[in-house]
């Protein structure tokens, strides 16, 4: 009996491993494996956010780094982490599949968190404690200490590269999306995913950050490492029950073929420019998951890749004999989808610079503000103020979905009330308002710090008696801006990319955040060097009271206004996927004529 059960289990594992490419039915266990998938996701987020949320304070207080150095390092780290998701998505889709990528990445994240915890626990791995009287002469980290810390960062980057683009898709793989129950299961899974993300942020920005700042850095970083270990254990516990879809090859190969063939056929001309599809090779693979796209007038130079010449050979099944010499109109239009998204992505990249500041310099503003809770002696950790950004987003989303969207639907007749581009545009506009409010609050904080500082309390400058709760409006506005722009971007990329590129579409959002982090670092460096010898003094010194952070915020607001104008022009030019210019009936006739010709 035991042997029979073991054989059934092996057969089940083999079916799941084969995934959708095998003729035998795949066993979808749906909610039965969700405790492992969602548990893995929850503890992974608790571990990662619990470490990264307070990293700025750790680098400046334990590693004795200058604020501008720490801010630059964290910004570059966040940027690299997000950019690496593109490589992770490519590796998953092309070579390893989501299960193996997630398993390896989870272990890498645990190792990274463990190494960072070691830098806090062992005295030899961080500089000696800097006493208040040693201000300006604190000993910084040695090359070995920095190398150990950066190794931990590198492992976290490897972990995030695989986890971020794959975890949502892997969870959705566990449901049979061809059934109604499977579709409902996927929707519920996304809701639970957002809940776990919010839960993880709440715990990380309050409890874990408090332990790090007020109890022990070693314990504060040790807890996330332990949580990440639990995440790994939960993930591998469900291994025998998962549906493991194998890698099917990268869709980027088709993109490369269109580019190569369009260059090779650049001298050819379409017979009827007004109806280019009559000269193009029209073919749709029968097993393709992509929607059939009509011909569009944008990027017409790519249409030449699909021009059918007497030298081009067609297989009996209707496909091109050599896809590196002839591409289909469908392939060309899929590449156009990617190219049309890029200008919108560039605008989102500039937009996110404003949000980056709410995670970096706002922490420094909080450090030089009155963080006491009422008249008690309890001080809110500086990094915990970011929770108001998250609260602003999570509170606004149900208000938007339940109240505003139905009203806008009745007003405009559109499915979502407004278009995706309009939603992103509102977010960009709100980011400009966020930076203007941030500049006003910083100006007020600095004035109070210079005239009414808290007596006897100094860190890297006088502490303003202004309450830290003055930072809440700008953080709340940033959260609402993210509810419009960030969520709008994710939905926009998901819907506008070809269906077989949706993992890459997910990584594109993170790549935009990476680009924003790099641009923010470059902007900080430029402002720091440019204003160092100016009459107004350095805008971004160690002591914010001696600088003009408000001017820096005004600068970002000005860039946001320019970016908003650019985005509006791109939105007017943009053609949504499926909004083509050709006659669908004519295209069908062309494809049938190709098929009859081969017969």
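Cβ atoms here come from the backbone N, Cα and C positions, even for glycine.
TrEMBL entries are annotated by machine, without manual review.
Source: prediction; values computed, not measured.
Annotation source TrEMBL lists region 'Disordered' at 1-21.
The transmembrane segment feature in TrEMBL is assigned to 46-64 (among others).
Residues annotated as transmembrane segment in TrEMBL: 70-90 (among others). If you look at the transmembrane segment (70-90), the same-chain residues 6 or more away from its ends with a CB under 8 A from one of its CBs are 52, 55-56, 59-60, 63, 101, 105, 153, 156-158, 160-166, 250, 252, 356, 360-361, 364, 503-504, 506-508, 510-518, 520-521, 524-525.
Long-range contacts of the transmembrane segment (102-122) within the same chain: residues 40, 44, 47-48, 51, 58, 62-63, 88, 96, 145, 148-149, 151-163, 166-167, 170, 216-218, 220-222, 224-225, 228-229, 231-232, 235-236, each at least 6 residues beyond the stretch ends and with a Cβ under 8 Å from a Cβ of the stretch. Summarising the annotation, TrEMBL assigns transmembrane segment to 102-122 (among others).
What TrEMBL records for 142-163 (among others) is transmembrane segment.
According to TrEMBL, the transmembrane segment annotation covers 190-211 (among others).
Under 8 Å from some Cβ of the transmembrane segment (217-237) lie the Cβ atoms of residues 35-37, 39-44, 46-48, 50-51, 54, 58, 62, 102-103, 106-107, 109-110, 113-114, 116-117, 120-121, 204, 208-209, 211, all in the same chain and six or more residues away from its ends. Annotation comment: TrEMBL describes 217-237 (among others) as transmembrane segment.
Look at TrEMBL and you will find 378-399 (among others) tagged as transmembrane segment.
Look at TrEMBL and you will find 420-441 (among others) tagged as transmembrane segment.
Under 8 Å from some Cβ of the transmembrane segment (468-487) lie the Cβ atoms of residues 348, 351, 354-355, 358, 362, 365-366, 369-371, 380, 385-386, 388-397, 400, 423-424, 426-428, 430-431, 433-434, 437-438, 441, 444-445, 509, all in the same chain and six or more residues away from its ends. Look at TrEMBL and you will find 468-487 (among others) tagged as transmembrane segment.
Per TrEMBL, the feature transmembrane segment maps to 508-531 (among others). For the transmembrane segment (508-531), same-chain residues at least 6 beyond its ends with a Cβ under 8 Å from one of its own Cβ atoms are 68, 71-72, 75-76, 78-86, 164-165, 341, 345, 348-353, 355-357, 360, 486, 489-490, 493, 497, 537-540, 548, 552, 555-556.
According to TrEMBL, the transmembrane segment annotation covers 551-569 (among others). Within the chain carrying the transmembrane segment (551-569), a Cβ under 8 angstroms from the stretch's Cβ atoms is held by residues 344, 347, 350-351, 353-354, 357, 361, 424-425, 428-429, 431-432, 435-436, 438-439, 442, 523, 527, 536, 539-540, all 6 or more beyond its ends.
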Which stretch from 46-64, 142-163, 420-441 shares the most C-beta pairs under 8 Å with the transmembrane segment (378-399)?
46-64
Spatial neighbours of the transmembrane segment (46-64) far in sequence, C-beta under 8 Å, 6+ residues away:
70-71, 73-74, 77-78, 109-110, 113, 116, 119-120, 126-127, 130, 138-141, 145, 149, 156, 159-160, 200-201, 203-205, 208-209, 212-213, 217, 220-221, 223-225, 227-228, 231, 360, 363-364, 367, 381-384, 386
